[in-house]
Amino acid sequence: AVAAPAMPAVLAASWALLAAAFLAALMLLRPAQQPGRIVSGLFQDLIRYGKTKDGCGQRPAWLSHLQVPKRWFTHFYVVSVLWNGFLLIWLFQAKFLGGSLPSWIQHLHHALGGGSQSKDLLFFHLQADGECFSALLVLLLLWLHSCRRLGECLWTSVFSNGVIHVVQYGFGLAYYIAIGSTLLCQVPTDIKNGEELSVQICWYHIVGVMMYIWASLHQHRCLVILADLRKSKSGKVVSLSHRVPFGDWFERVSCPHYFAELLIYISMAVTLGFCSMTWWCVVMYVLFNQALAAALCHEFYQKSFSSYPRHRKALIPFVF
């Protein structure tokens, strides 16, 4: 029998810690809004962005100098397309064309817990080729997701004059580097370069990709709905104000594009065969991160529009 290899403790613990931090922020959201809280202004400034910034209340004036335009979200996807595209090309060359990963990537791989001595629980009962193909497929999905989001930021979304904290901006840039590096560590390093890689397409690859496409289509539709609220019938931007969106998943939740983001990451976990504990920690992070953002948006809609549909939840239909 083949024993299950140890989970990469560094990566799993890091993503679990991030998930716990956002869960704590979500739980502290309501108490922090109570008057008299010394840290309330700083806390609110760090978790809010865009239209939800108005809920920060009183905060030190110097914090206003630590803001950057929300439209700089576009930079996140530029970084992701470049970095994860770079990893995708190198991994493809190493496993299909007999190339090799740069030494610095191999060092990063081992430092983060990858390699034959500390593989994840991902497919420990299967051959290393299957592990590599699954990780390569998910890295491709992540890159395609970043390409689509970059295109939407450039040509679909209509950004207001909202801002984000410089810490949020830096965190977002680092996130898309970390997520690709995490996927790279799902690949065992004991596969010899130059050997023919057998491509084993399994049922979970098909289910995961279908779920990914379904969630991506809905996310795009919801982003188009939001953009159209600020455009005329001819497609010209006529307003930067906020209005109540309707249609598609907006009929059930305030932030369906966040819900779709969560489903996209779950679809990647399915594509990895359900067994990557590190990636499920990533999914938990995405869940609490999106839940916090959705709760703040939901609060904004309820306070700004007296006739806002009462049956809508913030993120997950019928649940939250």
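Along the chain as shown, the residues are counted starting at 1.
Note: Cβ is positioned from N, Cα and C throughout, glycine not excepted.
Keep in mind the model is a prediction, meaning the values are calculated, not measured.
TrEMBL has this to say about the protein:
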DOMAIN    203-320  domain '3-oxo-5-alpha-steroid 4-dehydrogenase C-terminal'
TRANSMEM  6-29  transmembrane segment
TRANSMEM  72-92  transmembrane segment
TRANSMEM  122-142  transmembrane segment
TRANSMEM  154-177  transmembrane segment
TRANSMEM  197-215  transmembrane segment
TRANSMEM  262-288  transmembrane segment
Non-local residues, at least 6 beyond the ends, that sit with Cβ under 8 Å of the transmembrane segment (72-92): 99, 101-102, 105, 132, 135-136, 139-140, 142-143, 146-147, 149-150, 153-154, 159, 164, 169, 172-173, 175-177, 179-181, 183-184, 187
Sequence-remote partners of the transmembrane segment (197-215) [C-beta within less than 8 Å, at least six residues beyond its ends]: 95-96, 126-127, 129-130, 132-134, 137-138, 141, 145, 191, 260, 263-264, 266-274
Reported mean pLDDT - the domain '3-oxo-5-alpha-steroid 4-dehydrogenase C-terminal' (203-320): 96
The domain '3-oxo-5-alpha-steroid 4-dehydrogenase C-terminal' (203-320), counted residue by residue under DSSP: helix, strand, coil: 74 helix, 4 strand, 40 coil
